[in-house]
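Participant: Checked TrEMBL, it gives:
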BINDING   B:Cys116, B:His118, B:Glu152, B:His179, B:His394  Mn(2+) binding site
DOMAIN    B:201-297  domain 'Peptidase M20 dimerisation'
Number of protein chains: 4
Amino acid sequence: MSVPSPLTAGLAERLPELTAIYRDLHANPELSFQEERTAGVVAARLTEAGFEVTTGVGGTGVVGVLRNDSGGTGGSVLLRADMDALPVAEADRVPYRSTVTATGPDGELSPVMHACGHDTHVTSLLGAAAQLSARRADWSGTVLAVFQPAEEIGAGSRAMLDDGFLDRFPRYDVALGQHVISGPAGHLWVRPGVFMAAGDSLRVTVFGRGGHASAPQATVDPIVIAASIVLRLQTIVSRELAATDVAVVTVGAIRAGAKENVIPAEAELKLNIRTFDARVRERVLAAVERIVTAEAAAAGAPRPPEIAPINDFPLLVNDETAARRVITAFTESFGAEVVHEPSMKPASEDFGRFGAAAGVPSVFWNFGGFDQAHYPDPAQPALAVAAGGAPGNHSPDFVPDAVDAALLRGTEALLTAASLWLT
Amino acid sequence: MSVPSPLTAGLAERLPELTAIYRDLHANPELSFQEERTAGVVAARLTEAGFEVTTGVGGTGVVGVLRNDSGGTGGSVLLRADMDALPVAEADRVPYRSTVTATGPDGELSPVMHACGHDTHVTSLLGAAAQLSARRADWSGTVLAVFQPAEEIGAGSRAMLDDGFLDRFPRYDVALGQHVISGPAGHLWVRPGVFMAAGDSLRVTVFGRGGHASAPQATVDPIVIAASIVLRLQTIVSRELAATDVAVVTVGAIRAGAKENVIPAEAELKLNIRTFDARVRERVLAAVERIVTAEAAAAGAPRPPEIAPINDFPLLVNDETAARRVITAFTESFGAEVVHEPSMKPASEDFGRFGAAAGVPSVFWNFGGFDQAHYPDPAQPALAVAAGGAPGNHSPDFVPDAVDAALLRGTEALLTAASLWLT
Amino acid sequence: MSVPSPLTAGLAERLPELTAIYRDLHANPELSFQEERTAGVVAARLTEAGFEVTTGVGGTGVVGVLRNDSGGTGGSVLLRADMDALPVAEADRVPYRSTVTATGPDGELSPVMHACGHDTHVTSLLGAAAQLSARRADWSGTVLAVFQPAEEIGAGSRAMLDDGFLDRFPRYDVALGQHVISGPAGHLWVRPGVFMAAGDSLRVTVFGRGGHASAPQATVDPIVIAASIVLRLQTIVSRELAATDVAVVTVGAIRAGAKENVIPAEAELKLNIRTFDARVRERVLAAVERIVTAEAAAAGAPRPPEIAPINDFPLLVNDETAARRVITAFTESFGAEVVHEPSMKPASEDFGRFGAAAGVPSVFWNFGGFDQAHYPDPAQPALAVAAGGAPGNHSPDFVPDAVDAALLRGTEALLTAASLWLT
Amino acid sequence: MSVPSPLTAGLAERLPELTAIYRDLHANPELSFQEERTAGVVAARLTEAGFEVTTGVGGTGVVGVLRNDSGGTGGSVLLRADMDALPVAEADRVPYRSTVTATGPDGELSPVMHACGHDTHVTSLLGAAAQLSARRADWSGTVLAVFQPAEEIGAGSRAMLDDGFLDRFPRYDVALGQHVISGPAGHLWVRPGVFMAAGDSLRVTVFGRGGHASAPQATVDPIVIAASIVLRLQTIVSRELAATDVAVVTVGAIRAGAKENVIPAEAELKLNIRTFDARVRERVLAAVERIVTAEAAAAGAPRPPEIAPINDFPLLVNDETAARRVITAFTESFGAEVVHEPSMKPASEDFGRFGAAAGVPSVFWNFGGFDQAHYPDPAQPALAVAAGGAPGNHSPDFVPDAVDAALLRGTEALLTAASLWLT
């Protein structure tokens with residue numbers, strides 16, 4: 001028998017409004033550090049809900065503070081949502097689909113899509129903010145509603161912290177955050193301890209010698225070097241790590257040449273690396289450098305490739321005690337059948353810096369966004385994604401098809417977890 | 001002892017003007033079928049020289065006709081220059097370097113450079129036109145000065161012919177054209193018979209399944225497929241053709257993904273293929289299709305790649321008799337030590353259509369653009385390019401460093417060859 | 001404070017004899033199912049110790065039975081050692097190194113080496129048998145000393161079981177076995193639950209078309225196909241499995257051609273696959289078939305490759321309860337600092353069939369064979385192997401350098417674990 | 001109208017005997033430098049024909065000298081046949097097929113086959129020797145019948161010359177030799193000038209670090225390195241040479257590992273390289289070294305690969321004047337429709353050393369061995385081989401199916417060419 005938190009009372013009535021916010025955000029996605037419009041929507045709603053609002057924190061970040069000293073002994077809770085979208089062209093699945101384009105940091109125009117569902121995070125946190133404002137009698141303490149830019153590039157949380165976050169805003173006892181996944185709406189996944197991977201993104205620039213497509217002998221073909229690098233990088237995971245080491249090495253982008261009859265002088269690769277411990281991370285990074293250098297040497301490249309960091313994500317580690325409290329609260333509120341303890345995820349998330357910087361526990365969880373028919377085993381929704389039965393995060397098809405249930409549960413989860421520190 | 005053609009008398013005095021034209025064109029390159037500004041310069045100069053000028057032929061092509069019935073028995077000669085430039089970022093070698101950018105047919109903005117030296121072709125033909133105009137007493141007959149668009153994509157000559165060229169302009173007895181190469185300025189290379197390769201350009205689109213960079217198991221990674229294709233395509237030339245078959249298979253462009261943490265759904269390759277006979281061409285095209293299809297199947301791609309033609313170039317064959325006449329005239333005018341008979345070139349050129357369409361002989365030759373110090377063996381300048389001692393066509397460094405001598409000899413060569421049919 | 005089992009009393013005095021047995025076995029290794037000499041040594045020693053001995057069980061297997069009804073309530077314990085060696089050329093590290101050669105199942109002569117340490121297993125079990133015989137007053141029940149052939153090819157335990165093992169010999173309450181590893185002598189590693197991988201070995205025969213090395217165009221080069229397969233197989237682990245899936249895909253042998261100037265008609269690959277669950281195993285096997293087939297198709301192979309099983313190993317799962325009892329006994333006897341619970345191992349072992357076939361618990365553990373100076377962290381000796389500080393199983397350098405301590409602890413471990421069921 | 005040489009009169013009657021010799025040789029092939037039995041057959045036949053016979057020249061070589069001073073002014077002619085066979089398993093096509101096995105220089109037993117047709121060379125030269133002996137009235141001068149060992153490894157001609165050949169036997173005015181090919185029996189192919197490639201064979205040993213197949217992280221996998229080398233070597237021909245350069249780089253053998261569950265410590269590749277000029281040869285050899293070294297470095301190999309020469313072949317260049325004389329004689333004797341001038345062949349042959357060492361012209365030609373139905377275009381029989389319509393040299397199917405016609409024409413060709421210098 002589940003017992004919902006009093007903070008969630010009346011939430012269902014807000015759903016039409018939340019859905020409208022969500023659709024508006026979904027149709028108007030913005031790339032990392034370009035979240036101007038989103039920040040405007042957020043600031044307006046927070047102001048409306050009675051929060052003290054500060055914008056432009058760490059670029060386009062927004063912080064809303066609500067103090068509620070109504071006699072209670074509640075502490076201080078940071079609730080965080082991330083706001084940015086991705087350079088992905090959205091599939092044609094919903095009427096509010098994005099047709100937006102924007103110029104990314106590379107200077108290239110690309111379509112933009114909320115392919116990682118941050119629009120549901122923003123909406124859920126706005127819903128929680130509205131509830132907290134409306135139901136001040138049911139809690140005491142301080143809430144920081146943090147809307148972070150640029151999570152996708154691992155830079156937003158650092159930018160906010162570097163912008164004096166800890167000095168400018170109230171201290172907090174716990175940091176809470178969440179992410180929508182491809183899983184049944186209504187379900188939640190929380191893992192105490194190491195939850196998500198460290199992430200390192202690298203830009204590899206390969207230097208050849210350009211020339212005419214018909215005279216390869218006068219060139220050093222950087223596309224052949226780049227292709228050799230891509231294939232040889234596969235051996236890091238397959239040969240250089242133990243089967244029980246957990247790591248991913250992905251080449252997410254490759255780019256060289258414009259015209260078929262010109263052999264270009266350079267090629268660019270963007271790598272993304274996920275690891276769960278420092279030893280493995282160092283071994284992978286060393287192998288990347290070794291392989292990239294040697295494959296260029298194999299072709300007689302005029303100079304070695306350049307490897308430059310694009311961004312990095314810390315490990316995401318949920319505080320054991322705090323996470324167990326959250327799991328208990330979720331189980332009591334929503335039922336054991338919808339609360340799961342997943343295995344470690346090789347995806348990354350920069351949320352952890354809010355806990356680490358303040359020296360306080362943090363807890364991060366996932367909530368589902370899709371119709372449960374896609375998922376034969378709700379505890380392991382990734383199986384359905386792997387089998388092609390449901391879209392994965394970052395794909396052009398990652399458009400939640402159970403929006404109402406997802407927003408409801410996302411908002412309830414924030415309120416339920418927060419209430420543990422606000423009473 | 002060399003005997004220059006009377007048509008070249010006084011040409012040296014025009015050099016400052018020709019150099020100025022050249023530098024202006026070099027600094028203002030235009031992509032294929034976008035040669036508006038260049039066509040404007042050409043039309044103005046031709047008009048000034050007394051030619052009847054028609055613009056907009058086959059898009060941006062310009063045709064100037066000069067009839068000179070001064071009592072002689074001369075025939076009719078077509079002289080052709082091509083006008084387009086390439087999406088290459090020019091190296092910083094000369095003050096008049098290009099900083100121009102333009103949007104190509106793919107909708108992408110790119111830098112533009114006269115990396116194939118068509119600016120020297122235009123300038124030389126304008127120089128020849130001015131001389132022909134000024135020295136009408138020295139020849140008789142009809143000259144067609146043809147400034148063609150879009151040679152780089154093999155489409156300009158066809159576009160002009162498809163635009164009624166043969167009906168709208170006087171018939172001609174011979175078609176003459178030339179191309180600057182990485183070789184000592186002052187030197188000329190003419191090959192009777194098969195001179196340049198047939199060219200086929202293909203766009204290969206590889207379909208995978210996109211997703212999050214940390215969850216490759218839920219995707220089919222098109223970048224790994226594309227890399228496998230690039231490497232396996234090398235085996236066409238190395239394994240599937242005889243050592244004595246002459247062919248080149250180049251992947252000139254590869255493009256997939258934008259962000260390192262998204263595995264893209266597709267990858268695009270642009271291929272360029274050069275062959276010298278139909279049997280080899282068919283074998284190569286069949287092997288490309290086989291390899292591309294199988295490498296996608298190896299990854300379990302959701303559907304096979306698409307292979308679409310981008311453009312094609314015909315074989316370039318110099319008429320044996322006419323080419324021998326031109327070689328003799330060049331030798332007598334400039335000295336045997338600067339006239340060479342090269343081996344077949346795997347580069348392609350769409351000039352041949354002007355001769356083939358009219359059923360008349362055509363002759364095409366190369367002239368050098370660079371300081372002779374780069375080339376230990378002037379007969380084989382490609383060796384210096386292969387050794388890295390001189391830039392090849394289409395490279396960011398292909399900026400002639402002996403401009404005056406190159407323009408002088410390029411103009412002289414047109415006049416000397418043309419005079420064979422104009423007296 | 002550790003309390004050794006009474007069964008081990010006086011064992012140290014046997015060490016010179018055990019070391020002599022070990023050195024003799026090490027110098028005379030035999031390939032799978034060829035363990036004639038080893039079986040002879042074993043049978044003689046068992047007979048000497050008063051066991052009822054049966055030879056030729058499942059080929060070259062030996063079973064010794066010792067019944068001891070001395071008033072106790074002890075049960076029945078199966079103790080198993082494996083006898084076969086590997087086709088590896090031993091490095092020159094010890095005076096008793098192997099210089100033996102033998103003809104393997106492929107008909108090829110190769111050097112033979114106890115590169116997996118089965119000589120220590122045989123010796124330890126002979127030591128335990130001698131102790132059990134000598135110290136009948138300290139236990140009661142029945143002991144089956146099982147010396148198995150052909151563990152390396154996953155076939156020996158099945159061969160013995162298929163040879164009527166369960167019917168011909170006394171039933172047992174538990175099956176115990178052990179394996180020496182690269183780790184500090186004296187230490188033991190036991191993991192309750194899934195301990196070692198399922199293993200599948202496959203022979204892949206690639207068909208091309210042979211011919212003269214100078215005319216590849218008249219052939220289909222199977223070496224290029226095989227190389228492409230090797231590289232593409234890497235993507236199974238790197239791209240087709242989740243980072244948290246545990247699997248290894250190794251090409252352990254490749255063979256094609258004899259003479260450099262003949263392109264051979266065929267190539268052969270031997271694959272070894274390790275997995276820990278059925279879903280992953282099936283996905284890997286399907287991917288192997290897909291890749292192998294497609295890479296041959298990419299080359300236009302005249303027919304698809306053949307994939308045939310060489311052998312297979314079951315998962316090794318330690319009974320949770322029995323394993324915990326063994327861990328407790330080891331800890332009490334030898335001290336907690338030398339007893340470790342390792343992570344799952346991707347190596348395979350066919351021991352598990354003895355427990356599964358009889359429907360009784362089985363427990364399998366590892367013991368160290370080397371000087372502890374090699375291992376900065378005794379709990380994770382694999383780190384030292386990975387770092388190159390210590391030789392791994394199957395390498396030419398896998399020659400225990402702490403033989404006395406290893407044999408002592410190996411024998412003690414068998415006796416200590418067995419005593420749990422023999423009192 | 002063709003006019004046969006008088007030396008060939010009555011040759012047809014010898015055919016049954018020649019066919020018997022051929023079948024015997026075919027059924028009893030011997031590897032390079034092991035041609036003991038063949039040499040015995042040859043020596044017996046030459047002695048029978050009245051030649052002075054020396055055996056054991058350069059190992060197993062045989063030289064027969066026949067002086068005929070019958071009043072003429074004839075010169076001295078060297079006729080050469082090579083005797084060795086290949087480690088190839090013969091297909092089951094003829095009753096006299098080889099079932100012979102032998103141990104090669106690597107110490108490995110392999111099947112042996114006359115897969116390059118040297119048995120037809122030996123038989124034809126024995127036929128010519130018998131005719132020369134029988135028809136001394138029709139010629140004058142000196143004939144050296146040279147039966148050379150070890151042509152397949154490029155070593156036999158050098159071994160004979162190093163064994164004092166020029167000093168021990170009469171000097172000669174011309175050296176003549178021939179090779180059977182996949183082409184219509186009765187036809188001949190002669191190319192003045194450069195005819196066959198220089199050949200370089202190399203053994204590449206790749207060093208990794210061996211270990212257990214389940215723990216690749218503790219190894220450096222030499223099979224992955226070897227596979228990467230094989231694929232990257234393809235880029236030498238496809239990318240590093242001009243399309244008009246003629247070269248072949250073949251990996252004819254690859255060998256690593258024995259058992260699937262051991263990652264071996266080493267891998268071996270045997271390379272065969274064909275080139276037609278010194279510059280290309282040097283570029284290829286440098287690229288091989290660069291690629292091999294870098295691909296090992298990419299894997300972190302403990303030491304760089306070793307590259308050692310196996311053998312080498314010189315360019316085969318036919319003397320222009322002598323070859324034109326031979327072509328004329330062939331055309332007059334056999335008809336123009338069966339005499340062809342082929343393009344350069346990337347195969348190699350060590351015959352050229354006999355001419356070069358003596359400073360005299362040499363002429364080498366090909367003769368066909370198969371039914372003409374296989375070859376739509378007799379001038380280009382290689383097209384039929386490439387299309388799979390006829391077997392190529394070195395394939396298991398290279399068993400001439402028009403033996404009588406082949407032996408007849410091969411013998412006639414030797415006699416007809418020799419007669420030019422013997423009258």
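Backbone N, Cα and C atoms are what each Cβ position is placed from, and that goes for glycine too.
Keep in mind that this is a model prediction, so the values were computed, not measured.
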Participant: Chain A sits near which of the binding-site residues B:His118, B:Glu152, B:His179, B:His394, counting only a Cβ gap under 8 Å?
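Facilitator: Near chain A, the qualifying binding-site residues are B:Glu152, B:His394.
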Participant: Using the Cβ center of B:Cys116, B:His118, B:Glu152, B:His179, B:His394 as the Mn(2+) site position, which other residues in that chain lie within 8 Å, going by their Cβ?
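Facilitator: Once B:Cys116, B:His118, B:Glu152, B:His179, B:His394 are set aside, the remaining close residues are B:Asp82, B:Asp84, B:Ala85, B:Leu86, B:His114, B:Ala115, B:Gly117, B:Glu151, B:Asn393.
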Participant: Average pLDDT across the domain 'Peptidase M20 dimerisation' (B:201-297)?
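Facilitator: PLDDT averaged over the stretch: 95.
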Participant: With H, G and I counted as helix, E and B as strand and the rest as coil, say where DSSP puts B:Cys116 (Mn(2+) binding site).
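Facilitator: Its secondary structure by DSSP: coil.
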Participant: As a quick check of your reading of DSSP, tell me how many residues in the domain 'Peptidase M20 dimerisation' (B:201-297) are helical, how many are strand and how many are coil.
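Facilitator: Within the domain 'Peptidase M20 dimerisation' (B:201-297) the tally stands at 42 helix, 33 strand, 22 coil.
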Participant: In sequence order, what residues of the same chain, 6+ apart, have a Cβ less than 8 Å from the Cβ of B:His179 (Mn(2+) binding site)?
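Facilitator: Once residues fewer than 6 apart are set aside, B:His179 (Mn(2+) binding site) is near B:Gly117, B:His121, B:Glu349, B:Phe364, B:Trp365, B:Asn366, B:Phe367.
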Participant: Starting from the Cβ of B:Cys116 (Mn(2+) binding site), draw a 10 Å sphere and report how many other Cβ atoms land inside it.
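Facilitator: Total other Cβ atoms inside 10 Å, all chains included: 27.
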Participant: Inside 10 Å of the Cβ of B:His118 (Mn(2+) binding site), count up the other Cβ atoms and send me the figure.
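Facilitator: B:His118 (Mn(2+) binding site): 27 neighbouring Cβ atoms within 10 Å.
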Participant: List, in sequence order, the same-chain residues at least six positions removed whose CB sits under 8 Å from that of B:His394 (Mn(2+) binding site)?
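Facilitator: Set apart from B:His394 (Mn(2+) binding site) by at least 6 residues yet with Cβ under 8 Å, we have B:Leu86, B:Val88, B:Ala115, B:Cys116.
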Participant: Any same-chain residues 6+ apart from B:Glu152 (Mn(2+) binding site) with CB under 8 Å of its CB? Would you list them in sequence order, or say none?
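Facilitator: The answer is B:Ser32, B:Asp82, B:Asp84, B:Ala85, B:Leu86, B:Cys116.
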